[in-house]
Amino acid sequence: MISKKITSWSTNVRVSLPAVCFVWQIAMIVLFGVFIRYNEEADTHWQEFRRENNISSDIENDFYFRYPSFQDVHVMIFVGFGFLMTFLKRYSFGAVGFNFLVAAFGIQWALLMQGWFHTLDPATGKILIGVENLINADFCVAGCLIAYGALLGKVSPVQLLVLTLFGVTLFAVEEYIILDLLHARDAGGSMVIHAFGGYYGLAISWVLYRPNLNLSKRLNGSVYHSDVFAMIGTLFLWMFWPSFNSAITDHGDGQHRAAINTYLALASSVLTAVGISSVTQKKGKLDMVHIQNATLAGGVAMGTAAEFMITPYGSLIVGFCCGMISTFGYVFVTPLLEKYLKLQDTCGVHNLHAVPGMLGGFIGAIVAASATEEVYSREGLINTFDFEGDFADRTVGTQGGFQAAACCVAIAFGIVGGGCVGLVLKIPIWGDPADDNCYDDEAYWEVPEDDESIPPILEYNNHMIHKLPDL
Amino acid sequence: MISKKITSWSTNVRVSLPAVCFVWQIAMIVLFGVFIRYNEEADTHWQEFRRENNISSDIENDFYFRYPSFQDVHVMIFVGFGFLMTFLKRYSFGAVGFNFLVAAFGIQWALLMQGWFHTLDPATGKILIGVENLINADFCVAGCLIAYGALLGKVSPVQLLVLTLFGVTLFAVEEYIILDLLHARDAGGSMVIHAFGGYYGLAISWVLYRPNLNLSKRLNGSVYHSDVFAMIGTLFLWMFWPSFNSAITDHGDGQHRAAINTYLALASSVLTAVGISSVTQKKGKLDMVHIQNATLAGGVAMGTAAEFMITPYGSLIVGFCCGMISTFGYVFVTPLLEKYLKLQDTCGVHNLHAVPGMLGGFIGAIVAASATEEVYSREGLINTFDFEGDFADRTVGTQGGFQAAACCVAIAFGIVGGGCVGLVLKIPIWGDPADDNCYDDEAYWEVPEDDESIPPILEYNNHMIHKLPDL
Amino acid sequence: MISKKITSWSTNVRVSLPAVCFVWQIAMIVLFGVFIRYNEEADTHWQEFRRENNISSDIENDFYFRYPSFQDVHVMIFVGFGFLMTFLKRYSFGAVGFNFLVAAFGIQWALLMQGWFHTLDPATGKILIGVENLINADFCVAGCLIAYGALLGKVSPVQLLVLTLFGVTLFAVEEYIILDLLHARDAGGSMVIHAFGGYYGLAISWVLYRPNLNLSKRLNGSVYHSDVFAMIGTLFLWMFWPSFNSAITDHGDGQHRAAINTYLALASSVLTAVGISSVTQKKGKLDMVHIQNATLAGGVAMGTAAEFMITPYGSLIVGFCCGMISTFGYVFVTPLLEKYLKLQDTCGVHNLHAVPGMLGGFIGAIVAASATEEVYSREGLINTFDFEGDFADRTVGTQGGFQAAACCVAIAFGIVGGGCVGLVLKIPIWGDPADDNCYDDEAYWEVPEDDESIPPILEYNNHMIHKLPDL
């Protein structure tokens, strides 16, 4: 049904893939053994902790504030990102399967990396984890899955695991600089997740440029049902994005406001994505690529500002602009990037993550800089921007400046880190497919014969062969 | 693969669709700017509000009572309704895509309309929104999506947006009359959502009757995989219906009881839907249409009574009857409606929403009228039926009467409103498809060529051509 | 497209299926009427109950502790198990539809059976239900759905309902012995759900051995899109398993810790499943069967120990081993079981549920036996193992012994119960398919003609016929 010309030596990962899986998983076990323990809310000493801290009820365990959001984020990572990439006609196994593999490894490594940078207890040398760490690990992995979007169909699972190992490491460092050193706020990760992840993937894809990729052109497209599968991914991302942006914001109004803002921005970007999609096509027909992707741009762009007092109409404006910009990107920018910058971006992460993420970072900077005590109240300002400790004297203007600087840091980490990792992935030992063999699950999967469609043809064949002599 | 006879002039929405999307979205931004603000639980003044109202913990923010249910409702609206309608063999893009578009616009307009009628602060002229408003907006949109079910495949996206604009408006007025003026209870919306939405769609469909619709008959059916996609919609609706009916009920026992009752009614309607489906078919085979739809009737019918003390076995009885009635509707009533009433109802919303919704309204009236202080306790009666303020002296018998009246109001709004909106949609400017072009995504979507199945045929072709001379 | 040789007399369930559905559903209504009422947290007397028990806020209603987890479990039962079994090329309707039917009946019967054994109030003779009962009913049904996995494609819906009737009954007795008499802990049901359900299904399958099943071999496999559908099931099971294992554990740290442990074990089993899948295939290609199933083994195996202080790295080790063992099972053990033990196990529940469930039981025993006051604190030990009342003096060593005994009880109930139920199902009155008619939805479903793929062939045909004379 599909070309069988698979250069089998090149994509055989029978040694490298199991080796990486086992060695790295054993390393995780050892490192977890040394470093990771339950935090006081997940430990059997919780009842003592409650008494000592005058917590009146079990319901005030952070688990009940964040677990529903955590599960929504979890769905976004595994079903959302996984199914969003199933749109290719013959790469659905790779989309959903490698997404699964990469995320399952990445969350473990992220718990360690983020733990070392953010929550290592200097007294005991342990990282104490709870539900918030699980959410952050999912977030961290999201950056790598975004990068996968640019490379979809062109890399081996071993390359993806390497990409994740380095991606999570870069993420943790970048996040440490942005959140701890610059003290920027980025609850939904416009900067640390989307801008970083998008540029990271683009830089890798640029280094791995394949001049003869058009040999696989026949498989670089969708079929009817694969587009419907992709809509599962789109919708779960779209629906749960309010949970994504509110998952780790402040208890109470912080989570509440972040969810509302994201809900509104997303709704708005659907309408402008549809509008631009229709107006840029002959006969006004909609393009599934835009519906599957650009409708999400509002969620990406609200990642930083969702917890601020951006106001409901402010959220609508953000969604309005980013839905438009993202769709324009798919229509005009992606072809230009490929032609002039040699940038092959399978899922268009440039338009969905890199640019809206960058814009989200700067929107956050502007909203932060224009915060006033009148709108936030003094206490609200302190809570929202965490003006405490070393940062008690910071003004909103300064905060805005640091937010903008943070966005530049995220982009720089993405581009420079991606460039370096791309060079590593270029070494010809990772089992990546040949140029005429991309976007094809045959390379790494036992693909079932689709005998559903074959029998009638053969049947007809026999029938005809019998009939021919009559001529 | 599918007839390409598309009368392109008629379905070209390249001007109208973008125009509507942009103009309406800009209108939303302006109206949100004038009217919509965060409520005190989503605002940075929450900590002050907590102290003033002696709220002991952030966990008592309404967000934590309702957000998990909100997300479930959100999934029902976008994945549930969207995928339920993907069953047509060549209208899955339209089903899930237009559902997405309509809902994204509708929730914004609903926040405004419901705000003006229910939560406008007369002092400031502002609508203060929180998570409960988001749920109500989703509910409001559900009415329009139900109406879409009757029209699936026969209308343009522009018509759907117009349907939604008027539908949300009618909904808000009807809801105001039912909940505020009549002081009826309808937490899960048997009346305000399902009966209204069902009759609204049926009335529009009746006005838009297409005498030559059988020209599109070849596409008015499912294929194997499209039926499996539709089961995604069915199951997410079925599973999350307990959240739907309990999302805005009273904190504590109200939400708890509504979830239990709905869970039971749904379970019961699965068995009777399966039973009737089997007994009405030759050889006892099950029909996917019934499994996809009639299994949900129990949830629809519990929309009003779920928060009452209907008892667990009462819930089972409701599900039992409505699963039967709904399946009978699909088998016997829909064909008759089409034949004698000229009512073309693609998804059978008559059987799933209109009738079970109406029944649910009257069931609610009966259960309310038979409430006793012995069963509810005095306090429970007041809490459940909100016998406070102007309504402190209302008896349960009176309440039952008002509930029944409310149901009639919902139906009347649906039929009359739908008739008028149908006339508007009949104006030949909306780009709807010709009679021989319905149920076809080609009209409004760039549909990918399904080359998956084409290559082997061509291959065989070449092979054969080469072979033939040998004869 | 698919063989139409359906021995129609044998699979006609037009009498038996509706009869069972209606009679049993009516029986449920009667029994619910006699026995089932709302518990005090779902009843309108809740406000009085709150005052009497000094509960400070509605948020401390058990609903808010457990409802989000309940909904996740609900998704696992209906979408998770249902879609996991859609992998067969022509049995997706049966997979998702019969799963739906069986679960909808089973949860009602489970509420009664578990109620009689666990929560019957001796004073009033009533079973008082709340959200925890709904979760337990879902759990109970999971055992039967696991058994269905072994029988997929080989049994009629009536047989499945009989299997569920007896399965739920056996489950309730077994659970009573394990949790109440032996006082073992099994929050996520490694023993009571997975080991029992797995061996129950295997024993039934063994009794129902079909020597000529290879006549249906052509349908015992997947096609491309059916494998993608199955991934929906896999992922929702995988993502929500932390909710499954934590749904009924202790408030506070119990739920928190169980979620973390399960999350980690699952992540770990993905890597080892992928590793073994690759290394055991020629050319290192991955097999979707392994990815769909063995990745879940970590969740199964953590069912007992998730609430204990197994430590994060302990969880990783459990996932590591079980991911490996499960994949090895699919590669080597299932073929041997079929060849030598005459055990036909469609979904390989032996490898995913029976063995990892059994291992999970023994892992729980070991972890319990090695618990120390130093790690748990005295209070934590009492809370975690419920060392209260009659069991106040039990030591952790004794507890470990009882845990191990409980695991044997679960397996014994599964094997013996399954053997007996298998004999009942062997009576030739249930409408099961003939050996050449298994794995085929045509037997019990109105299957749509897939005209999508037919037209081009016929079209080509005509074209060619016209062309041939030219030769």
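Including glycine, each Cβ sits where the backbone N, Cα and C put it.
Whatever TrEMBL says is automated annotation, not expert-curated.
The feature transmembrane segment is assigned by TrEMBL to C:12-36 (among others).
Per TrEMBL, domain 'Ammonium transporter AmtB-like' is recorded for C:61-444.
What TrEMBL records for C:70-88 (among others) is transmembrane segment. For the transmembrane segment (C:70-88), the list of distant contacts is 95-96, 99-100, 103, 131, 134-135, 138-139, 141-142, 145-146, 148-149, 152-153, 219-222, 226-227, 229-230, 232-234, 236-237, 240-241, 243-244, 247, 288-289, 292-293, 346-347, 439: same-chain residues at least six beyond its ends, Cβ to Cβ under 8 Å.
The feature transmembrane segment is assigned by TrEMBL to C:95-114 (among others).
Residues or ranges marked as transmembrane segment in TrEMBL: C:134-153 (among others).
Taken from TrEMBL, the feature transmembrane segment applies to C:160-179 (among others).
Positions annotated as transmembrane segment by TrEMBL: C:191-209 (among others).
Through the fold, the transmembrane segment (C:221-240) approaches residues 72-73, 75-76, 79-89, 92, 266, 270, 288, 291-293, 295-296, 299 of its own chain, all at least 6 residues removed from its boundaries and within a Cβ separation under 8 Å. The transmembrane segment feature in TrEMBL is assigned to C:221-240 (among others).
As annotated by TrEMBL, transmembrane segment applies to C:260-279 (among others). Beyond the transmembrane segment (C:260-279), the same-chain residues lying 6 or more positions past its ends with a Cβ under 8 Å from any Cβ of the stretch are 188, 238, 241-242, 244-246, 285-287, 290-291, 294-299, 301-302, 305-307, 310, 312, 314-324, 326-328, 331.
Same-chain residues lying 6+ beyond the ends of the transmembrane segment (C:291-310) with a Cβ under 8 Å from its Cβ atoms: 84, 87, 185-191, 193-194, 227, 230-231, 233-234, 237-238, 241, 244-246, 249-250, 254, 257-259, 261-262, 265-270, 273-274, 276-277, 318-319, 321-323, 325-327, 329-330, 347-348, 351-353, 356-357, 359-361, 363-365, 367-368, 371, 375-376, 380, 384, 403. If you look up TrEMBL, you'll see C:291-310 (among others) marked as transmembrane segment.
Taken from TrEMBL, the feature transmembrane segment covers C:316-337 (among others).
Here TrEMBL flags C:349-371 (among others) as transmembrane segment.
For the transmembrane segment (C:402-425), same-chain residues at least 6 beyond its ends with a Cβ under 8 Å from one of its own Cβ atoms are 147, 155, 159, 162-163, 166-167, 170, 173-174, 177-178, 182-186, 190-192, 195-208, 304, 354, 357-358, 361-362, 364-365, 368-369, 394, 432. Sequence annotations record features per position, and here TrEMBL assigns transmembrane segment to C:402-425 (among others).
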Contact between the transmembrane segment (C:191-209) and the transmembrane segment (C:95-114) (at least 3 Cβ pairs under 8 Å, separation 6+): no
Query: Looking only at the domain 'Ammonium transporter AmtB-like' (C:61-444), what is the mean pLDDT?
result: 97
Field: Cβ contacts under 8 Å made by the transmembrane segment (C:95-114) with residues that lie 6+ beyond its boundaries
entry: 21, 24-25, 28, 31-32, 35-36, 77-78, 81-83, 85-88, 127, 129, 133-134, 136-138, 140-141, 144-145, 148, 152, 157, 160-161, 163-165, 167-169, 171-172, 175, 445
Query: Which range out of C:12-36, C:134-153, C:160-179, C:349-371 gives the transmembrane segment (C:316-337) the most CB pairs under 8 Å?
result: C:349-371
Tertiary contacts of the transmembrane segment (C:12-36) (same chain, 6+ residues out, Cβ under 8 Å): 105, 108-109, 111-112, 115-116, 120, 125-127, 129, 156-158, 161-162, 165, 429-431, 444
Query: What else in the chain is close to the transmembrane segment (C:134-153), if you only count residues 6 or more beyond its ends and a Cβ gap under 8 Å?
result: 66, 69-70, 73-74, 76-77, 81, 84-85, 88, 91, 94-95, 98-99, 102-103, 106-108, 110-111, 113-114, 118, 159-160, 163-164, 167-168, 171-172, 175, 189, 192-194, 196-198, 200-202, 204-205, 208, 216, 219-220, 247-248, 344-350, 352-353, 418, 438-440
